[in-house]
Amino acid sequence: MSADNGAQEKGVPVTEQYWDDSRLTVLDHPLVQHKISILRSKDTTTKQFRELVRELALFEGYEATRDFPLEPVEVETPLETCTAHRVAGKKVAIVPILRAGLGMVDGLLELVPSARVGHLGMYRDPVTHEPHEYFAKLPPDVESRTCLIVDPMLATGGSAIAAIDYLRKAGVADIRLLVLVACPEGVSAVLEHDPEVRVYACQMDRELNDRAYILPGLGDAGDRIFGTK
Ligand code: PRP
Ligand code: URA
């Protein structure tokens with residue numbers, strides 16, 4: 001963060017690259033910022049919120065799969081035969097952190113329809129903010145897959161770190177964490193905890209409040225996706 005953290009920075013930061021870490025990608029696209037702005041509004045309905053989370057996950061998945069290897073394939077077009085390219089057998093698992101991560105799964109499955117889906121259930125203790133694991137079910141060959149952990153919010157980083165640790169223990173080498181809204185505290189915690197993980201965020205927000213909610217943020221993502229508040 002810049003040192004002159006004055007009133008004008010109460011606004012939403014635009015995606016200037018103030019974070020010097022090649023393992024962090026903050027999406028820099030006007031449509032992403034536009035959609036995130038709608039997502040933030042307290043007046044956005046549950047239906048709209050859900051649709052936006054799905055769409056943003058799709059944009060983010062596009063960025064997080066950019067380095068997938070290609071192999072040549074011969075294709076007969078109506079006019080001639082050419083050498084085109086297809087993804088070279090990359091196996092993917094999408095791993096939502098329950099509940100809110102579920103909202104991002106469909107968007108990613110549109111991009112990678114052959115992906116398997118594993119689930120990790122975590123809830124954050126409202127007082128200590130520590131994550132508690134209550135469910136886990138992963139594909140049997142998860143260790144051979146690129147795992148995209150998805151969760152709209154990266155706050156203290158506790159839930160993401162617990163999910164990363166769970167996948168590392170299961171033998172997963174390639175882990176990418178996809179969040180919609182991050183904050184410096186959460187990003188630092190995750191990058192410092194795991195030397196290999198890559199983090200993708202649609203937007204980097206300012207800070208956490210004293211209840212470990214992201215500011216300006218969008219509130220409780222799970223409640224807004226499922227209409228439970
Ligand atoms: C939210 C969010 C993340 C976590 C982020 O989930 O979806 O999983 O908090 O906070 P952290 O970075 O400080 O761990 P929550 O525990 O509220 O559960 P929910 O998805 O069921 O609403
Ligand atoms: N979880 C949320 O859903 N929102 C926050 O701002 C922090 C944690």
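For all residues, glycine too, the Cβ spot is worked out from N, Cα and C.
Taken from TrEMBL, the feature 5-phospho-alpha-D-ribose 1-diphosphate binding site applies to R99, R124, D151, P152, M153, L154, A155, T156, G157, G158, S159, D220. Taking the Cβ of D151 (5-phospho-alpha-D-ribose 1-diphosphate binding site) as centre and 10 Å as the limit, one finds 27 other Cβ atoms among all the protein chains shown.
Among the features that TrEMBL reports, uracil binding site is placed at I214, G219, D220, A221. Around G219 (uracil binding site), taking its Cβ as the centre, 16 other Cβ atoms fall within 10 Å, counting all chains.
The domain 'Phosphoribosyltransferase' feature in TrEMBL is assigned to 26-228.
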**Cβ atoms near D220 (uracil binding site) (within 10 Å, other residues, all chains)** = 16
**Request:** Cα within 10 Å of D220 (uracil binding site) is the criterion; apply it to the binding-site residues R99, M153, A155, G157, S159 and give the hits in sequence order.
**Result:** M153
**Prompt:** Which binding-site residues among D151, A155, G157 have CB under 6 Å of ligand 2?
**Reply:** A155
**Prompt:** Among the binding-site residues R99, D151, G157, G219, which have a Cβ atom lying under 6 Å from any atom of ligand 1?
**Reply:** R99, D151, G157
